[in-house]
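The following features are taken from Swiss-Prot:
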BINDING   Gly15, Ala16, Gly17, His18, Ala19, Gly20  FAD binding site
BINDING   316-330  NAD(+) binding site
Amino acid sequence: MDSIHPFIYDLIVVGAGHAGCEAAHAAARMGCRTLLLTIDLDKLAHMSCNPSIGGPAKGHLVREIDALGGLMGRVTDRTFIQIRLLNESKGPAVQAPRAQADKRLYAKVMKETLETTPNLDLRQAMIERILLPQPPGRNGSAAPADDPAGVQPGHYAVITHTRRVYQSRALVLTTGTFLRGRAITGEAIWGAGRAGEAPATALGEDLAALGFPLVRLKTGTPPRIDARTIDFSQTSVQQGSPTPLFFGHYYRVLGEIPPEPAFTGAPACAYPEPLRAAWRPQLPCYLVHTTPEFHEIVRRNLDRAPLFSGIIEGVGPRYCPSIEDKIVRFADKERHGLFLEPEGWSTHEVYVQGCNTSLPEDVQWAMLRSIPALRRVELMRAGYAIEYDALATGEIAADMSSRRIPGLFFAGQINGTTGYEEAAAQGLMAGINAARFIQGKPPIILRRDEAYIGVLIDDLITKEIREPYRMFTSRAEHRLLLRTDNADLRLTRLAGELGLVDRERVEAVERKREESERLLRVLRGQRLFPSAATNARLSDVGIAPLSSEMSAEDVLRRPEVRYEQLRQALDLPACDADIAEQVEIEAKYGGYLQKQQREVERLRRMEARRIPPDFDFTALRGLRNEARQTLQRFRPATVGQAARLAGINPADVAILIVALERRGRRDMALDVRSGA
């Protein structure tokens, strides 16, 4: 840090949740002097809700974050207590790893990582006010009279609760649920960013005063119970993966030894003997179900439920409803599954997945004790709802920046999303593009066909966000191209160009790409005939005999055939497991992959049609009023973005294209005349 100006940075990141940590780390890796500010350094990267990372779509995001040099996957690999591959019986597009992390250990390892990152400073402070960059006045002064003296022209300034002023050339806000947050359990309401932590009320009011339209959103969390009061004999056990599984690509492509777990002691004694897998100790999770008595207790107390009494004003996530909402909406369903998830190796706290609630605490005790395995359960923390401010739709651009103010970036729940993974992905891109802004370089914008991160951000800027947004595989129309197994092939080359990963890792990924392509060429070129000798060799490894001539690739297309079987039968080259996986997927799904790739090429032509930033959509003749208003509000940067806006039909797109072509011809004519 500059010793003459100790409080002046290239970039300031406000908030050290999952978005803020990734943003600060990325910018610092890219050479920017970065300051990460948080209300409580002991809660940095705190997992304030569930202890899980990953799952369908979310696991895809984590693999992409890792491929781009982010931290979430690496930290999870060192701190998980269990990991599984979900949707293993389905196709590769929807398979994804999901881990249960040790919540306190995750935060500890993340903090240690950030503390040792060059160019990055961590400070504990609550930000109460933001000063926007001011150009030099006519008399050379940089700031209005009521602002602190010494703020440099073109710099942001943030003022802390202790009146300390920090300055920077760009600013990233990752405020989570803290903006004017309030927590609710029954009739109890108190100001909080999350339980036990003060809200950022002054900052929320300051953003509103700066003219940012804000909406009120809501999320919830379930009770935490004491493992010592659970009858585990009446639960169904869910074990972790029996074979090595990680989020990180690094150990596969570099041949590194997988990361050592950060915890090496014994688990809390309340848990039954954990699975001692040969590759990594893991703790099981446990499944229980609600009962008719549970449902009756909830229904009997709906008049005390803030969700139905009008106390809660914010809109909650549709796909993560509270238990009282599920019982009302799905009245015909006799039971709901609840997963009991340990929050760490050395704690007795257990997270009740699927039981988000803001019912009064006495009701929470009663309903949980109606479940046989929980007859004597004791709550360690009651569930609660949290309401908070978020930006209204249309405030951010594709590079995560404000549409109003250059150099201001937003990431995480302030943009209307929910989930650790969604926040981390946005934070990574906000940090990258804030650094690019500081360096005077164009932004990095991932397309929908390049990454789930691209789908996420594109949805945020082209769709009306009326409730907290959660990522699903169904949101990605090119999901067969965006698998967890090829995230490094899609994104690590870009990460190397940005300085987020070292050359050794990029070269290793390129070797993986080249080896996969080479093996596919070998398979396509090797012709097999249905001779007795060939069929005998195939039969020896469990492959059905041939009835006609075909290539080795054709044999591998059979659903039940694996590359290792074929290698043994045909003396094919040996390869690493991840390369074999790539070869199998390319062989089995080649036709579908080619079809999706053709569709991508068609859509890319629409994305290539740029819309000038100053384009006046209100002046478009022949456009419906609804379309005109939608385009003017969202201000899409490309024809492709415009086509994805709700309420925009093909006729509207055709009118827009004609208008752009007309403007292009006019601008070209003006250039010719001015040149003459």
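Each residue, glycine too, has its Cβ placed from N, Cα and C.
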What other residues of this chain sit with their CB within 8 A of the center of the CB atoms of Gly15, Ala16, Gly17, His18, Ala19, Gly20, the recorded FAD site?
Val13, Cys21, Glu22, Ala23, Thr38, Ala45, Thr174, Gly176, Ala411, Gly412, Ala423, Gly427
Between Ala19 (FAD binding site) and Gly316 (NAD(+) binding site), the C-alpha gap once rounded to whole angstrom:
20
These are the binding-site residues: Arg318, Lys326. Which one scores highest on other Cβ atoms within 10 Å?
Lys326
Tally every other Cβ atom lying within 10 Å of the Cβ atom of Gly20 (FAD binding site).
30
Cα-Cα, whole number of Å: Gly17 (FAD binding site) versus Phe330 (NAD(+) binding site)?
34
What whole-number Å value do you get for the CA-CA distance of Cys320 (NAD(+) binding site) and His18 (FAD binding site)?
19
List the Cα distance (Å, whole number) between Lys326 (NAD(+) binding site) and His18 (FAD binding site).
28
Reported as an integer number of Å, what is the Cα distance between Arg318 (NAD(+) binding site) and Gly20 (FAD binding site)?
25
Relative to the Cβ of His18 (FAD binding site), which residues of the same chain, six or more apart in sequence, are found under 8 Å away?
Ala45, Met72, Gly412, Tyr420, Glu421, Ala423, Ala424, Gly427
Rank the binding-site residues Gly15, Gly316 by how many other Cβ atoms lie within 10 Å of each Cβ and give me the one with the fewest.
Gly316
Rounded to a whole angstrom, what is the C-alpha distance between Gly20 (FAD binding site) and Phe330 (NAD(+) binding site)?
37
On a simple 10 Å Cβ count over all chains shown, which one of the binding-site residues Gly17, Cys320, Phe330 is most densely packed?
Gly17
